[in-house]
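S.K.: Got a structure for you, questions after.
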Amino acid sequence: MMDGKDLKHVNEDMRKLLARAAFGRGDFEDLFVVPVFAVVAALVLGAVIMLATGVDLPTIGQSFVALAVGSFGSLNAVSETLTAAIPLVLAGLGLGLGFRAGLFNIGAEGQLLLGGTAAVIFTFSFPSLPFPVLMIFGLLAGALVGAAYASIAGILKATTGAHEVISTIMLNLISFRLLEYILRQPYIQREGRSDPISKSVPEAGQLPRLLDWFDPNLRLHAGVFVMLLAVVFVWWLLFRSKIGFAFRASGANPDAARYAGMRSGLVIVAAMATAGALAGLAGASQVQGVLGRASPGFSAQMGFDAIALALLGRSHPVGILFAGILFGGLEAGGRQMQVDAGVSIDLIGIIQALIIVFIAAPLLVRAIFPWGFRKETKGGKA
Amino acid sequence: MTFLTKTGLAAVLVAGSVTAASAFTACQVTDTGGIDDAGFNQTAWKGVQDSMAEYGIEGRFLESQAEADYEANLNSLLGGACDVIITVGFLMGDATATSAAANPDQKYSIVDYAYDPTIPNVVGQVYATDQAAFLAGYLAAGMTETGVLGTFGGINIPPVTVFMDGFVHGANHYNSVHGTDVTVLGWNPESQEGLFTGNFDSLDDGRAFAQNLYDEGADIIMPVAGPVGLGSASLANELGTDELKIIGVDADQTQTDPDRAHVYLTSVLKRMDATVQAVIKAAMDDTFEGGLIVGTLENGGVGLAPFHSFEDAVPAELKAEIEEIKAAIIDGSLTIGG
């Protein structure tokens, strides 16, 4: 079976896993300092790119002011930031959970699309149900379909060893075309339209807007509570439940987990299904809270942005929440940049990408900002 | 904690100068094709630019990257910053209606959408594009050497398919006048089914779809998909215009795509710039009223662009016939698809 050296290695992994509960200086640096510096470095580089494309200095200053004001500078800005963050955080939680379990799930986009579509179809199919019931069932329908779709990749991996990166990418492609097909079915397509667009979510199925009594243009909706509940739930699942321990153990060392008696196939399918349910919930919250209908591409790449988000948040539920708020802020602030300074929205995409590059390369950030980190002696980590 | 103070230093923001407030501001929200799509959004933006030059107003635009942006983009233009908000595209119909209902004092105008019933603070701008596309179809049928024409669209929505309807009917009209047998691939006006790229932004699709139609024998193609058509134009550029010619849409594409101007036989003009400018003028003069503007051959809202490099290639009789048909459509003696 195993020789002593392997066992020692396994024991070490298990000990590290258990030690994670204790929060040290290293975690603090990884979770907070690196992301903060990554954002700063990305903004600075963004300014350089603006300079290089012929934007003058006052406009660059103006656009950063607009970015700040547009993301957190007013009630409307905060509302827009949170509205944009809701689906990103939900999908990101699922992906982060997958990463913890050692699964690199690229399929959130497809799970989100089909989950959202299921929520739309369910809500307009049962318009007679009263308000909270229809809304909640719509969300559940989205989560269920997302979970089912993600499980395909999980089952393929557990039974045949098909790599989840390949299978989830392919499932994404299938979902795009499937959605176009579904949206053209007479039962689903909106009356009087020949383009693929679904009927609308009835009033009782919508996530109610929270602030429209104050100003009808504030789009923040009850999905924000769904998001917060999901953060707590995923935290509990990962760090306080038995199955969550199995997820993390499998992610840290699949062999160790198997020898410890965990059923790896079950863990893979369960982790994929949970991730898919969260992505489906993201789609459902977007159609029930913002769009009110499904159309091709309503996901707007959120499933892919969520991958970056999960990495930025270090696959920790709280980290993902903050990363989602940051991304939401960049989206809302980017809009304001366009309005106030006339700077292209594409620049925001570049800044987001730069943040991810810096996050993905913590050593680079440590090298650029050496004063922000405790000096580490080689091999002597506490 | 040193890193916090250093971060503060790094994040110093340069306060920008705010552009001088102008008396009147027109704002435009584009569709996902972008402001520089050499067609649809760009033509509508030209209406704002012309107004800026002529009336000395301010103009701003916001690009939508996804459908979820429509409403948010509209919201970020509220708060008194814009005297009139112009939304571009059929797909923005719902978002514009919602925003207009929530803000009854804000003036709106939407390109390519007609509300029924009309909304008091929204002017819909629609176009009888089939009239101009009919002329293009007739012209193409007279110019083809293979007897096969092609067309494809972005998404199967009325403002796109109305081009394709007119094009097919125009070619059919040529057949019935001249006893020829020119066929049009890519669109069936009866079943309202045809060839669609499913997007308004992939130049690769434009190339691939044109290649497919060319392989099926088409030598003149009309892509109705905004910037997607630029991909088709590159293919025509490589094959040479003896093999493949393109009919532009929305703007005179010899002007918006000057590098490949020689591949465009003509363009089906949809003068969104003219109607956008008219709406801005009305808003400035306080004559703004919710309702509908329809661009037709008669009022110059739609039309056929000059033939440019094909000026000599198009036979004089064909030109004369097209003028006759144009007159017949205007006076009502010829109905399209009738």
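Each Cβ is built from the backbone N, Cα and C atoms, and glycine gets one as well.
Curation plays no part in TrEMBL annotations; they are all automatic predictions.
Annotations for this protein, taken from TrEMBL, read as follows:
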- A:32-52: transmembrane segment (TRANSMEM)
- A:84-103: transmembrane segment (TRANSMEM)
- A:110-127: transmembrane segment (TRANSMEM)
- A:133-153: transmembrane segment (TRANSMEM)
- A:165-183: transmembrane segment (TRANSMEM)
- A:218-238: transmembrane segment (TRANSMEM)
- A:266-287: transmembrane segment (TRANSMEM)
- A:307-327: transmembrane segment (TRANSMEM)
- A:347-369: transmembrane segment (TRANSMEM)
S.K.: So, does the transmembrane segment (A:347-369) come close enough to the transmembrane segment (A:133-153) to give 3+ Cβ pairs below 8 Å, pairs being at least 6 apart in sequence?
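M.R.: Touching, no - the transmembrane segment (A:133-153) and the transmembrane segment (A:347-369) miss the threshold of 3 or more Cβ pairs under 8 Å.
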S.K.: Other than its close neighbours in sequence, what residues sit by the transmembrane segment (A:307-327), given a CB gap under 8 Å and a spacing of at least six beyond its ends?
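M.R.: Contacts of the transmembrane segment (A:307-327) (Cβ under 8 Å, skipping residues fewer than 6 from its ends): 30-31, 35, 38-39, 81-82, 84-86, 88-89, 91-93, 95-97, 99-100, 106, 108, 227-228, 231-232, 234-235, 238, 352, 355-356, 359-360.
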S.K.: Does the transmembrane segment (A:266-287) come near the transmembrane segment (A:84-103), with 3+ Cβ pairs under 8 Å (pairs 6 or more apart)?
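M.R.: In this chain the transmembrane segment (A:266-287) contacts the transmembrane segment (A:84-103) - 3 or more Cβ pairs sit under 8 Å.
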S.K.: Six or more residues out from either end of the transmembrane segment (A:347-369), which same-chain residues have a Cβ under 8 Å from its Cβ atoms?
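M.R.: Sequence-remote neighbours of the transmembrane segment (A:347-369) are 30, 34-35, 37-39, 41-43, 45-46, 49-50, 63, 305, 308, 311-312, 326-327, 330-331, 333-334, 337.
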S.K.: Could you give the residue numbers and ranges of same-chain residues that sit at least 6 residues beyond the transmembrane segment (A:84-103) on either side and whose C-beta is under 8 angstroms from one of its C-beta atoms?
M.R.: 111-112, 154, 157, 164, 221, 223-224, 226-227, 230-231, 234, 237-238, 247-248, 250-252, 254, 267-268, 271-272, 274-279, 281-283, 285-286, 289, 302-303, 305-307, 309-311, 313, 315-317, 319-321, 323-325, 327-329, 331-332
S.K.: So which residues does the transmembrane segment (A:218-238) touch in its own chain, when a touch means Cβ under 8 Å and the partner is 6 or more beyond its ends?
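M.R.: For the transmembrane segment (A:218-238), the nonlocal Cβ contacts are 75-76, 78-80, 82-83, 85-87, 89-90, 93, 96-97, 100, 135, 139, 206-212, 244, 247-248, 274, 278, 281, 285-286, 288-290, 317-318, 320-321, 324.
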